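J.: Following this message is one structure expressed as structure tokens.
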Amino acid sequence: MVRSQLPVAAPLRLLCALLLLPSATMIPGGLSPRSVTDPDVQEAAAFSVQEYNALSANAYYYKELRIVEAQSQVVSGAKYYLTMELMKTKCAKATSKPKVYKEIQNCELPPKAQQEKLTCHFQVWSRPWLEKMELTKMSCN
């Protein structure tokens, strides 16, 4: 008795097609590249700059120069992995109310010879339904 190979061939083709999909779509919770202009990335970056300035012992504010790279991961919410360049400003940290992100971004830069640039890696955990963001990791050099 001769059997048709058609029923076996269709599932095999489907399996091959699935194997050709990009790996990020097949790994739940895996890192995915994000556009640095994405509004969620911009929000996480602004939060990172504010937190950096709140936690650092620097006498002057540092502002965002640019977002070099952004990735995200779906967790209970979203985790953003950001590589950013920050630049020291002329705005001294006062003992009064700390500046917010938009105010920091308006701070002037010192003359070229006195500029200090940092490359920072931030991890930000966002849970929009709780209206909460948390800086889970930060390293700058």
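Positions of Cβ are set from backbone N, Cα and C atoms, glycine also.
Sharing the features that Swiss-Prot gives for it:
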{"type": "DISULFID", "residues": "Cys91-Cys107", "note": "disulfide bond"}
{"type": "DISULFID", "residues": "Cys120-Cys140", "note": "disulfide bond"}
{"type": "DOMAIN", "residues": "29-129", "note": "domain 'Cystatin'"}
{"type": "MOTIF", "residues": "73-77", "note": "motif 'Secondary area of contact'"}
{"type": "SIGNAL", "residues": "1-26", "note": "signal peptide"}
{"type": "SITE", "residues": "Gly29", "note": "site 'Reactive site'"}
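Could you tell me the structural context for the features on the list?
T.: Listed in sequence order, Tyr60, Tyr61, Lys99, Ile104, Cys107, Glu108 are the same-chain residues six or more apart from Cys91 (disulfide bond) with CB atoms under 8 A from its CB. A strand conformation is recorded for Cys91 (disulfide bond) in the three-state DSSP classification.
The Cβ neighbour count for Cys120 (disulfide bond), using a 10 Å radius over every protein chain in view, is 19.
Here the domain 'Cystatin' (29-129) returns a mean pLDDT of 97 for the predicted model.
Broken down with DSSP, the motif 'Secondary area of contact' (73-77) shows 0 helix, 4 strand, 1 coil.
A C-beta separation below 8 Å, combined with a sequence spacing of at least six in one chain, links Gly29 (site 'Reactive site') to Gln73, Val74, Val75. When secondary structure is read from DSSP and collapsed to three states, Gly29 (site 'Reactive site') falls in the coil class.
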J.: If you count the C-beta atoms lying within 10 Å of each candidate's C-beta, which of the disulfide-bonded residues Cys107, Cys140 ends up with the smallest number?
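T.: Taking Cys107, Cys140 as the disulfide-bonded residues, the minimal 10 Å Cβ count falls on Cys140.
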J.: Under an 8 Å Cβ to Cβ limit, what residues of the same chain, 6 or more beyond the ends of the motif 'Secondary area of contact' (73-77), are close to it?
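T.: Sequence-remote neighbours of the motif 'Secondary area of contact' (73-77) are 28-32, 125-129.
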